[in-house]
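> Not my notes, these are from Swiss-Prot:
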type	residues	note
COMPBIAS	18-38	compositional bias 'Basic and acidic residues'
DOMAIN	42-239	domain 'Lon N-terminal'
BINDING	G392, P393, P394, G395, V396, G397, K398, T399	ATP binding site
ACT_SITE	S724	active site
ACT_SITE	K767	active site
Amino acid sequence: MNSTNNTDSQNLDPNASEVEKLLDESAEAEEKTDDHTPPSELFILPLNKRPFFPGMAAPLLIEAGPHYEVLTLLAKSSQKHIGLVLTKKEDANTLKIGFNQLHRVGVSARILRIMPIEGGSAQVLLSIEDRIRIVKPVQDKYLKAKVAYHKENKELTEELKAYSISIVSIIKDLLKLNPLFKEELQIFLGHSDFTEPGKLADFSVALTTATREELQEVLETTDMHDRIDKALVLLKKELDLSRLQSSINQKIEATITKSQKEFFLKEQLKTIKKELGLEKDDHAVDLEKFMERLNKRDVPQYAMDVIQDEMDKLQTLETSSAEYAVCRNYLDWLTIVPWGIQTKEYHDLKKAESILNKDHYGLEDIKQRILELISVGKLANGMKGSIICLVGPPGVGKTSIGRSIAKVLHRKFFRFSVGGMRDEAEIKGHRRTYIGAMPGKLVQALKQSAIMNPVIMIDEVDKIGSSYHGDPASALLEVLDPEQNKDFLDHYLDVRVDLSNVLFILTANVLDSIPDPLLDRMEVLRLSGYILEEKLQIATKYLVPRARKEMGLSAQNVSFQPEALKHMINNYAREAGVRTLNENIKKVLRKVALKIVQNQEKNPSKKSRFTITPKNLQDYLGKPIFSSDRFYEKTPVGVATGLAWTSLGGATLYIESVQVPSSSGKADMHLTGQAGDVMKESSQIAWTYLHSALERYAPGRPFFEKSQVHIHIPEGATPKDGPSAGITMVTSLLSLLLDVPVLNNLGMTGELTLTGRVLGIGGIREKLIAARRSKLNVLIFPEDNRRDYDELPAYLKKGLKVHFVTHYDDVFKIAFPGV
């Protein structure tokens, strides 16, 4: 059964004859008593939310179900009384409730009227009469119980009368603050003569927002003084709450009123200014702003014609129209482009070289190219735009060198990444017909830098994508072509913009994924990975001082021993760049900062100083991440060490060969190690070449007769490809065939042809760095790469014995000196 107290229907499945029998028993008991005596046995209706109080009329919503039937029968009988009792728990399941889940004190109510409602439910009007106490359950199924009635002591004392006056006073105050029950309160107060303080207390408490437990406590209080005390406490709480709500409402109304007043005053002021000619309309304000910008710019005539047409159009449009907003935004972009504004060029070579050396260690090729650019600008009385592509592993300083170039040239710097970009509109802008259209990144760069000759860095150009929206790489062709970018056309502006004075710097990790037409427009400068000595210098001169400053530390607080930095580089940060090294330095300094603060809190007068050594480095960084790059301290039979390079830098590449009996009875070769197509072809070339030149290198020996040769490239989870492992594969097979190990500490790289010729390869610097890291001091490079090797700095070549070869015969003599 549901009511205004959210009472649910009980799962009773009523039997009409059983209920009628119970009613007859109650009627017989009533006949033996006086007509005005209330029934001693009542059906109990559980309530969930709030209890009712005597002296009130209350509506109750009853849904179709067992209790509806019971109440209907009660209404037709002479008894017409029912008990209303609160459940102990608000979420009690009233479908299967027992007397032990009900409070003992409730109220009796007379059924005045039952009004059916559509859907089978009904509205029951009850007159709440007396407090009752459940004395003894009579019938559990229908919650019928024997009850005792509480009769009020109607003796009125002066103290009770004073209490009553206090209650009425608080109710009147509530009436002023909360008009929700205004009519009911006025009727009650008009008929109140203060002769029944108990009824007054019950009525006042019923109007509050007190909790069900607080209300039940008042209902169970039979002593008049205690009940009125509790009622006064609840009323005062309600009064405080109403005052707070009233204060909040007044503040809100005051704010709204103030805002409305300001709005009306502003509108009046605007009207007065218009009448006096002091206020301009929106058209005039916008046009004045655009003209002010144009006066500071040297706008080409073709662009000025478009701007003038749009300004004429703007004057004819209503400011509230959507077309006005589109036209105004278009003019905003057209006039904010820094037409004719360029940064003054500086050609001080010494200062430029000083800035570059201060910001970066090494990178001599890059620094030389920037100095050449400045020199050309000085001689030509002006520096045209250039397109430079910096290629190298992550963390070697490609982005930071771009910022340094902008600083050297005294130009603004703008950077954006095209990694994963699939929409050409990001480059060339959206057409104005689209909602939310805006120019592309290049026009945005001009707006943000406010000059026509900024340094624009386009990052991650090797990771650019394409989709049905277009091909951003193709869109870049126009941008990066010196013959075309002076007439660059953005789709949104639809006006030619001169980008020929912009210095474009592109960055990439590898060149393989860059389309050839795009690559053809760039001047490629390679940034190789750093060796131990270079990383040590970078850490000492740049990373440690910068990180100390960020952490609020100084050289007096913490210092790194050079050996500690070497240990960190070799065992925790072995990547080609210095990004991980920088993070590890910061990690150490954060832990040092924590210790310093902890020591200061314990002993403020004591100054802490920490020295990072190889011994205590593990306390800050944990166990070393890397071990030696070398798989073998002494090279076994069938193993040759190659040199490779990836987007992450150089690496050693071991080629392992073993032979097992062939199931087919023929010589066969099998390659594993996630090799790519080109590397698979290299293994076939090595196999065929060795077979054809067997008498030259292993006279009298059969070529793996009845054996299957398994060639494996370790670290099988890493994809590998490229032709530069050709001579290494032949050397591994020869070592297996001759049963002779390859010269220890030998590393090699080179592409092999079927005739034994050794061709040039790429990544000489990276491979040299990998060889030094693995302590390989004898190296074999193709003769075609001698020039690349000669251009390397001396400190990279120090302590290495390098052989340049043109044919595999030369490789054989070096790899197998005793054969």
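Each residue, glycine too, has its Cβ placed from N, Cα and C.
Owing to the predicted nature of the structure, the values given are computational and were not obtained by experimental measurement.
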> With the ATP site defined by G392, P393, P394, G395, V396, G397, K398, T399, which remaining residues of that chain have Cβ atoms positioned within 8 Å of the Cβ centroid?
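In sequence order, the nearby non-listed residues are L390, T507, L527, A576, G577, R579.
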> I'm checking region-level scores; what's the whole-number mean pLDDT for the domain 'Lon N-terminal' (42-239)?
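Result for the domain 'Lon N-terminal' (42-239): average pLDDT 81.
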> Please report how many Å separate the Cα atom of K398 (ATP binding site) from that of K767 (active site), as a whole number.
20
> Which ones in the same chain are close to G397 (ATP binding site), with CB under 8 Å and 6+ residues apart in sequence?
H360, L363, L527, G577, V578
> State the count of C-beta atoms found within 10 angstroms of the C-beta of P393 (ATP binding site), not counting that atom itself.
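Result for P393 (ATP binding site): 23 other Cβ atoms within 10 Å.
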> In Å, rounded, how far does the Cα of G392 (ATP binding site) sit from the Cα of K767 (active site)?
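Just about 13 Å between their Cα atoms.
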> Which one is it: of the binding-site residues G392, P394, G395, which Cβ has the fewest other Cβ atoms within 10 Å in this structure?
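Among the binding-site residues G392, P394, G395, the sparsest Cβ neighbourhood within 10 Å belongs to P394.
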> Can you tell which of T399, S724 has the least company, meaning the fewest other C-beta atoms within 10 angstroms of its C-beta, among these recorded positions?
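Result for the recorded positions T399, S724: minimum number of other Cβ atoms within 10 Å at T399.
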> 10 Å Cβ neighbour count around K767 (active site)?
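Looking across every protein chain shown, the total is 29.
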> What's the number of neighbouring CB atoms sitting within 10 A of the CB on K398 (ATP binding site)?
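Around K398 (ATP binding site), other Cβ atoms within 10 Å: 26.
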> Please report the distance from the Cα of S724 (active site) to the Cα of P394 (ATP binding site), rounded to the nearest angstrom.
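Taking the Cα atoms only, S724 (active site) lies 23 Å from P394 (ATP binding site).
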